[in-house]
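> I am attaching a structure below and will ask some questions about it afterwards.
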């Protein structure tokens, strides 16, 4: 049963009438451009064919009812006429409440809604299940009430909800690609202007995501430390963000910076340049160059930004040994575990899967999870 059929069926059973709309918003994987988003830089993600799906209908009052199919059909109810505060027991409900609350601040011309939510974006894997949920909820209200909001505004609303209501720091990339993704394309995003450019993906190339299943423990504290180090670097150059510093300016005075901060800054500057070049390489179908850029990105994350772990490095090495210069592989996401992403000719996928199955667990004691994805369409009706 598809997520659409599942949520529609549950909706009718729970609420006693049929849903009028079914909305989806996808998860994402970032092909290159890591930790550049909060430095006003460039990222190159694609939406993937794992998504949050919501069957929904407008109500003729001011109440919101939300059922979470993936959490034992837990039900949350709240009113649009009372202050929206955090739910004491259901963390999932706070993503929904946060999106609705921040949407009220932007455009309060919507009424009540019934929703049933289900999703298959792996949680805790760094594939943006939370952004997918935020964008899906925003799109539900936009579609049901014909709100004059575009994808970028729905994305910004989701980011605000996550930062201010849920209380998690995040950049804008995850919500933006979920809202604006394009089938068979990656999206080059300028995280300062929020300008986007669709970049066609070469035919016959699979987007493979492998979860190391190494439990990320440091990611929150270390993420905040990296942000502070980048801000320290920007202040040193008297610029609003590292986006505004050139590699030449950096090289001239790198010795004056704290050595750790210098390494962090170098990663951001080189990663920004790599990301812009990667978009060109992909567009030209130059998988060899894309692979080189992904390898440089991984080395920079490992050595300069210091956010990889041995398990992730091992996974990258196993994949690289199989694909050689026929594709690319690197860690993706915040770091300290999580996933790697690989662009692989479709005919090599079985060999990669076999090599990883034979070697990764033997070397690390952890079993990986392997996903073969298609670059997919952003949020909308399904």
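Quick reminder: no glycine exception, Cβ is built from N, Cα and C everywhere.
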> Given that Swiss-Prot lists 34, 35, 36, 37 as binding substrate, which residue among 95, 145, 223 does it place in the same site?
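My reading of Swiss-Prot gives 223 as the candidate in that site.
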> Quick one: Cα separation, residue 34 (substrate binding site) versus residue 125 (ATP binding site), in Å?
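On Cα coordinates alone, these residues lie 15 Å apart.
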> Express the distance between the Cα positions of residue 223 (substrate binding site) and residue 126 (ATP binding site) as a whole number of Å.
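Spelling it out, the Cα of residue 223 (substrate binding site) and the Cα of residue 126 (ATP binding site) are 13 Å apart.
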> Out of the recorded positions listed (28, 35, 36, 37, 162), which are within 10 Å of residue 126 (ATP binding site), Cα to Cα?
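Those close enough are 28.
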> At a 10 A cut-off on CB-CB distances, which of the binding-site residues 128, 130 has the highest count?
128
